[in-house]
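The annotation FAD binding site is assigned in Swiss-Prot to Gly11, Gly12, Gly13, His14, Ala15, Gly16. Here Swiss-Prot flags 270-284 as NAD(+) binding site.
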Amino acid sequence: MVKESDILVVGGGHAGIEASLIAAKMGARVHLITMLIDTIGLASCNPAIGGLGKGHLTKEVDVLGGAMGIITDHSGLQYRVLNASKGPAVRGTRAQIDMDTYRILARNLVLNTPNLSVSQEMTESLILENDEVVGVTTNINNTYRAKKVIITTGTFLKGVVHIGEHQNQNGRFGENASNSLALNLRELGFKVDRLKTGTCPRVAGNSIDFEGLEEHFGDTNPPYFSYKTKDFNPTQLSCFITYTNPITHQIIRDNFHRAPLFSGQIEGIGPRYCPSIEDKINRFSEKERHQLFLEPQTIHKSEYYINGLSTSLPLDVQEKVIHSIKGLENALITRYGYAIEYDFIQPTELTHTLETKKIKGLYLAGQINGTTGYEEAAAQGLMAGINAVLALKNQAPFILKRNEAYIGVLIDDLITKGTNEPYRMFTSRAEYRLLLREDNTLFRLGEHAYRLGLMEEDFYKELKKDKQEIQDNLKRLKEYILTPSKEVLKRLDELDENPINDKVDGVSLLARDSFNAEKMRSFFSFLAPLNERVLEQIKIECKYNIYIEKQHENIAKMDSMLKVSIPKGFVFKGIPGLSLEAVEKLEKFRPKSLFEASEISGITPANLDVLHLYIHLRKNS
């Protein structure tokens with residue numbers, strides 16, 4: 001049977017959900033093919049959304065019309081701001097989720113969205129015509145034709161699950177791997193490598209002894225992800241903290257020879273920042289304990305996820321390890337930990353739109369691109385979906401710059417640098433992180449969302465008004481000069497503020513930590529009518545004014561540099577600081593400007609700085 005649509009999405013994980021929903025929202029006829037409809041939106045690993053860098057991605061996805069944020073707000077069990085004591089640039093919202101509720105909400109949203117149909121089957125191969133994808137075939141002899149195809153297969157491509165010496169061909173425990181599609185992609189000439197990730201055991205909630213464990217509460221004023229969320233007052237559950245101990249470590253050491261990670265059974269590289277417990281014991285042998293979080297998987301507290309205990313050790317060893325830990329002495333394991341090895345395609349095979357360079361109309365998103373994490377997958381799925389629709393409409397692609405969004409950093413890192421280990425987002429990856437805060441996501445991306453038809457006009461008008469008020473009042477504060485007069489000192493004293501000794505502007509005064517919203521309104525009457533969202537932005541911009549201005553200067557410098565032309569016949573060979581790889585690519589593609597050079601996979605900002613310097617030197621000589 002042959003069926004037709006505008007866009008096909010293969011895979012119903014977090015990337016596939018966002019890709020299919022956003023494409024349908026933008027008016028395309030979308031068909032989602034997934035192995036199991038019941039697992040659409042399943043959180044395969046930890047029951048949480050957000051975190052450092054990841055919270056930024058979730059909020060960016062939300063502003064650009066995605067679903068992850070709003071689903072999390074309706075399924076959360078505990079909400080916290082991580083790094084709350086640090087500056088706003090590195091804070092991250094994180095929520096424990098009810099995995100069942102999240103999955104059901106995601107699945108129902110997909111099944112009830114106009115322009116979007118779903119079928120339960122396995123994609124086996126791509127249909128190509130003149131190096132352009134025109135559809136797929138499935139395991140039940142269905143043929144689907146479409147103008148664009150987005151592949152979001154997660155860990156299913158040639159997936160192998162490892163528990164001790166045992167191996168099974170699964171894309172997730174108990175689910176079939178996608179071997180035919182994996183073979184098809186290899187035959188098409190894509191650069192395919194292997195990665196590994198893992199998950200932690202789960203234990204029955206009623207078998208845990210919580211007495212004496214440290215209780216971990218959510219925030220009193222819980223943060224939320226979606227700007228559409230109203231009247232947020234969730235019921236929050238506690239998590240609990242326990243630790244491994246020397247006995248735990250000895251059990252693991254005694255069984256290193258049975259660990260797939262060390263026996264040579266696993267070849268794929270695992271996530272650097274989420275190592276298995278056996279890897280931690282091996283690498284950090286001097287540590288006497290490692291912290292573990294017991295996280296409820298649902299509101300019913302029937303199962304707890306042991307965060308920090310990712311493992312692929314044999315079943316009997318997992319039992320001994322868990323029973324050696326305080327509070328888990330009599331714990332009943334409901335699901336064992338395991339490692340999974342899978343194919344991914346080097347993301348240097350992609351353009352900034354996530355379309356493959358090799359096959360026109362084919363987009364890749366999520367773990368197939370070498371990333372790890374629900375949020376990274378959702379961000380890629382969203383961008384692939386948006387760009388597939390824009391390509392259908394013959395409109396300009398939507399590409400976010402590194403100074404606009406963490407999504408821009410994520411995609412640029414992937415396609416220019418590639419990866420040899422599972423890539424996850426951190427605030428440290430963003431050189432302009434002071435400009436890319438969670439708190440200003442709406443102001444950064446609202447205009448893009450509105451232009452793409454992904455934000456309501458009334459809300460956008462409010463947002464535009466707020467943005468103007470921020471700019472106007474920051475200008476006014478910079479021009480508002482205060483002297484240590486008797487009147488000014490009296491007013492500061494009334495607010496319990498330290499006096500000023502010299503002339504200062506309003507921005508400098510508001511840079512004080514102690515100058516809260518109430519004091520801002522009291523001291524500067526023109527700020528009194530402003531809403532909390534506007535005041536928050538003014539406060540942050542004042543506090544980090546010097547650093548923010550410096551980052552804007554760096555952006556202007558970079559933009560100016562990218563406009564520099566590369567002289568015809570310019571010799572790249574022999575320039576100190578350029579790697580052999582960079583020279584080979586520059587000689588091959590012969591870019592006409594530094595901007596064109598920046599679009600070449602593997603050419604880094606450091607390469608561009610070196611090129612800029614030598615173009616200048618050779619012009620002068």
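Even glycines carry a Cβ here, placed using N, Cα and C.
Overlay of Swiss-Prot annotations on the structure.
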residue	record	contacts (Cβ under 8 Å, 6+ apart)
Gly11	FAD binding site	Ile33, Thr34, Ile151, Thr152, Thr153, Gly154, Phe156, Gly366
Gly12	FAD binding site	Leu32, Thr34, Met35, Leu36, Ile37, Thr39, Ile40, Gly41, Val110, Val118
Gly13	FAD binding site	Ile40, Gly41, Leu42, Ser44, Thr152, Gly154, Gly366, Ala377
Ala15	FAD binding site	Thr152, Gly154, Ala365, Gly366, Gln367, Ala377, Ala378, Gln380, Gly381, Ala384
Arg272	NAD(+) binding site	Glu421, Pro422
Cys274	NAD(+) binding site	Thr197, Ser310, Thr372, Pro422, Arg424
Ser276	NAD(+) binding site	Gly198, Leu261, Gly270, Ser310, Thr311, Ser312, Ala339
Lys280	NAD(+) binding site	Lys287, His290
Asn282	NAD(+) binding site	Phe256, Phe262
Phe284	NAD(+) binding site	His290
**Study point:** Fewest Cβ neighbours within 10 Å, where candidates are the binding-site residues Gly16, Gly270
**Key:** Gly270
Review point. When you tally the Cβ atoms that lie within 10 Å of each candidate's Cβ, which of the binding-site residues (His14, Glu278) has the highest tally?
Key: His14
**Study point:** Rounded Cα separation (Å) that holds between Glu278 (NAD(+) binding site) and His14 (FAD binding site)
**Key:** 28
Check your understanding: DSSP on Glu278 (NAD(+) binding site), three-state: which is it?
Key -> helix
Revision key, fill the gap. Three-class DSSP assignment, Arg272 (NAD(+) binding site), comes back as coil
Exercise for review: List the other residues in this chain whose Cβ sits within 8 Å of the Cβ centroid of the FAD site residues Gly11, Gly12, Gly13, His14, Ala15, Gly16, in sequence order.
Suggested key: Val9, Ile17, Glu18, Ala19, Thr34, Ile40, Thr152, Gly154, Gly366, Ala377, Gly381
